[in-house]
Amino acid sequence: MTTTDVPRSADVDSGRRVSRKRPRKTATGGLRQAVSATTLLWIMACLYGFPVLWFVLSSLKPASDLFSYPLTLVPHNPTLSGFKAAWDSANFSQYFINTAIVCVITTILTVGVSCCTGYALAKYDNRWLKAFFICILATTMLPSEVMLAPEFLVVRNLGLYNSFAGIILPAVLTATGCFMFRQFFLTVPDELVEAARIDGARELSIFLRIMVPLSRPIMLTLAILSFQWRWNDYIWPLLMLNDPNKFTVQIGIQSIVGAQNINWSVLLGASVISMIPLIAIFLVFQRYVMSADINAGLKD
């Protein structure tokens with residue numbers, strides 16, 4: 001008759017104790033990592049945020065207090081005179097309107113063209129499309145300064161010099177936008193497109209009713225980036241425009257800088273004003289930039 005070893009109660013208890021202690025070690029390690037990551041993020045936020053805070057608070061100081069010694073972070077007598085002078089005397093309202101027109105139109109066209117291009121590059125198998133994609137990516141290897149002269153000659157020969165169209169059209173197709181949409185559409189299952197084709201949907205209907213809604217996070221992300229790029233663009237509008245009534249915000253800020261002296265209060269106020277639209281747009285749309293469920297509509 002065979003006998004079986006029966007584990008002692010002490011051994012069972014010790015095994016339970018070990019199994020109970022292991023999750024505690026894992027939880028402790030995860031907590032340490034979370035604390036370390038949070039601390040590092042706070043340090044980086046302070047390093048980036050402190051100069052911006054100093055910049056904003058300095059715009060509230062009178063011109064006489066900007067270079068007073070000792071330097072102070074918080075203004076003793078806060079004033080909005082720099083903002084008012086920048087908005088009134090520097091014709092900033094017109095610059096804002098001009099920049100808003102350029103940014104809105106360019107952003108809409110950039111998102112639309114990039115979405116169509118990315119879909120074609122991802123879902124159609126054609127060697128010419130692959131060559132076209134390589135050419136688009138090759139433009140990122142060239143400094144933007146190298147492209148200024150050829151682009152300027154083309155725009156001038158088209159009769160678009162000193163016009164908003166001359167600023168908008170060269171910025172519509174971007175390698176970043178095409179790459180973002182192409183990489184996203186590659187993650188969309190081909191079965192979803194094939195199922196729509198079997199149901200009788202045409203290519204345009206598939207693109208507008210399926211692909212565009214799925215790519216909403218990418219569209220919003222590119223829209224934020226495109227608006228920021230165009231709002232901060234300085235070199236290209238400076239080359240293309242010679243009419244002061246068509247100047248953009250960045251050219252307007254540069255015009256405040258005099259040859260002999262600089263009104264720092266007005267310059268700081270104008271710079272802070274130029275930041276407001278970018279901050280507002282990011283705060284409004286950043287919560288919509290989330291991952292899309294690309295598997296929606298597929299059966300298991």
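A Cβ is built for glycine as well, from the same backbone N, Cα and C atoms used for every other residue.
According to TrEMBL, the domain 'ABC transmembrane type-1' annotation covers 96-285.
Under the heading region 'Disordered', TrEMBL lists 1-26.
TrEMBL lists 34-57 (among others) with the feature transmembrane segment.
Sequence annotations record features per position, and here TrEMBL assigns transmembrane segment to 95-121 (among others).
Residues 117, 120-121, 173, 175-176, 178-179, 182, 235-236, 239 of the same chain lie 6+ residues outside the transmembrane segment (128-148) yet bring a C-beta within less than 8 angstroms of a C-beta in it. TrEMBL lists 128-148 (among others) with the feature transmembrane segment.
Beyond the transmembrane segment (160-185), the same-chain residues lying 6 or more positions past its ends with a Cβ under 8 Å from any Cβ of the stretch are 98, 101-102, 105-106, 109-111, 113-115, 117-119, 121-123, 133, 136-137, 139-140, 151, 211, 215, 218, 221-222, 225-226, 229-230, 233, 236-237, 240-243, 246, 248. The feature transmembrane segment is assigned by TrEMBL to 160-185 (among others).
Per TrEMBL, transmembrane segment is recorded for 206-229 (among others).
Per TrEMBL, transmembrane segment is recorded for 264-285 (among others).
With a cut-off of 8 Å between Cβ atoms, the residues of this chain six or more beyond the transmembrane segment (34-57) that come close are 73-75, 268, 271-272.
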